[in-house]
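Chemist: Have a look at this one before I ask anything.
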């Protein structure tokens, strides 16, 4: 059997063992994709014992390509919501998550100096303790750039594997500890979270208002400042028994009922100007109007602003809401359409059908993957990661590398959405498949390379001390920030659990947090809010630590 065939066969065996281990769960919690690493270590140990030689160049390529696939698909997935997560609504959560990252780096630096832990080993412990695989890849790459021998770079995978198990368990124990210390009632926390959403500024709501302000009588909607803004959409107007779709030029009269869509504060401000909120239904039922959701799939409208499509003027149809990547937005006239956007349309059936034809509304296209943008994005990401950033006093130039470059490029492209006929939307199933394939390939190779010396290191070497160092790196930041967030910021417990899981970019921890309450989305929301920024910082941190420690000797 050729080296290539043998290498592929061993990798396939590793993947089978890995995924089997990952599916083993105790009380609903398992290693998940982290099981791939341990399967690779097991197979790698026996491969080494048998004296089997695998293709080193092929293993290196598979490892790097797997990492690229993984981080790129993550960036495409979270890109549409990344920049939104940095706004004020998520600022507090991101600050706490960043504090966890910084504290983890400081603890790592202190342990390195006090115990003289070799640089590859301490970076591996750090990556495993925070359960972040791209950090492992970024650390290995910067070490190679610094001229570290290959056998020492491979030690990083071993120390990563030593610290990884408690990295998973540590965050679960922290959640349990917070619940015990503060005697948390999970059901009450879920209700508080729902109440805060209802009273907050993040949800799109509706309000029916009767026009009672005499100053607005016989004025066009576009001449009323509160209605001619990007914060409020007037999607229906009822006059006497007639329900209509208003246009900017529609004249409003005293007694008209307006159906407004926007955030609660903006709706309240509109009510103060216009008149009185009423309970009268403005439902399209029993009228010649209807409400329908359509999806944007036509390349010809991608990147175009809603105002430039003239749906109201041409078809007498209003877009009342826009859903992008699961987030409900006010369909402002300046909003640009992206592939996969879901539009809430109000109008007559024939008119809605006409608008649906314009925007596409081809459900089958949502399941298709444009491969050209995928490889363009990966290529640009690799180029971005290769750009050197020279910092005075540092022995080598900093780079985003193969972990950071594709991630940042994917975040940017995911946010842009489309350029001409190219769009970077990827169906969730396809994204998940590529992401899982990438991480399986990467961790399988890391495990294979580490497996030969893993058992000896654990039983006869410093494996136990590495585990101890990892416990400190995991526990100290999580417990400290958890206490600060709960005591001083009065953070909701479920939100806190999601933030802790997101700060470690740990899906098993998110699964545990979600299971704390069956119906609350608090944990998932906070996890998604901090995940993009934390993932970027987790990739950069080992590179900074490596360069700083290398320069200090």
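Think of each number as a place in line: the chain as shown, counted from 1.
Using the three backbone atoms N, Cα and C, a Cβ is placed for every residue, glycine included.
Pulled from Swiss-Prot, these are the listed features:
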- 192-276: domain 'RCK C-terminal 1' (DOMAIN)
- 279-361: domain 'RCK C-terminal 2' (DOMAIN)
- 4-24: transmembrane segment (TRANSMEM)
- 28-48: transmembrane segment (TRANSMEM)
- 65-85: transmembrane segment (TRANSMEM)
- 95-115: transmembrane segment (TRANSMEM)
- 158-178: transmembrane segment (TRANSMEM)
- 371-391: transmembrane segment (TRANSMEM)
- 393-413: transmembrane segment (TRANSMEM)
- 437-457: transmembrane segment (TRANSMEM)
- 464-484: transmembrane segment (TRANSMEM)
- 493-513: transmembrane segment (TRANSMEM)
- 533-553: transmembrane segment (TRANSMEM)
Chemist: Taking 95-115, 158-178, 437-457, 464-484, 533-553 as candidates, which has the most Cβ pairs under 8 Å with the transmembrane segment (493-513)?
Modeler: 158-178
Chemist: Under the DSSP assignment, what numbers of helix, strand and coil residues are found in the domain 'RCK C-terminal 1' (192-276)?
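Modeler: Result for the domain 'RCK C-terminal 1' (192-276), in helix, strand, coil order: 25 helix, 31 strand, 29 coil.
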Chemist: At a C-beta cut-off of under 8 Å, are there same-chain residues at least 6 beyond the transmembrane segment (437-457) that contact it? List them, or none.
Modeler: 10-11, 14-15, 18-19, 33-34, 36-48, 54, 59-60, 62-63, 65-73, 133, 136-137, 154, 157-158, 160-162, 463
Chemist: Which listed stretch (371-391, 393-413, 464-484, 533-553) has the most C-beta pairs under 8 A with the transmembrane segment (95-115)?
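Modeler: Between the candidates 371-391, 393-413, 464-484, 533-553, the best contact partner of the transmembrane segment (95-115) is 464-484.
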Chemist: Report, as numbers and ranges, every residue of the chain located at least six residues beyond the transmembrane segment (158-178) whose Cβ falls under 8 Å of a Cβ in that stretch; write 'none' if there are none.
Modeler: 29, 31, 34, 37-38, 41, 120-131, 136, 184, 446-447, 450, 453-454, 457-458, 463, 466-467, 469-471, 473-475, 478-479, 482-483, 486, 493, 496-497, 500-501, 504, 506, 508-509, 512-513, 516
Chemist: Which residue counts does DSSP give the domain 'RCK C-terminal 2' (279-361) for helix, strand and coil?
Modeler: 23 helix, 27 strand, 33 coil
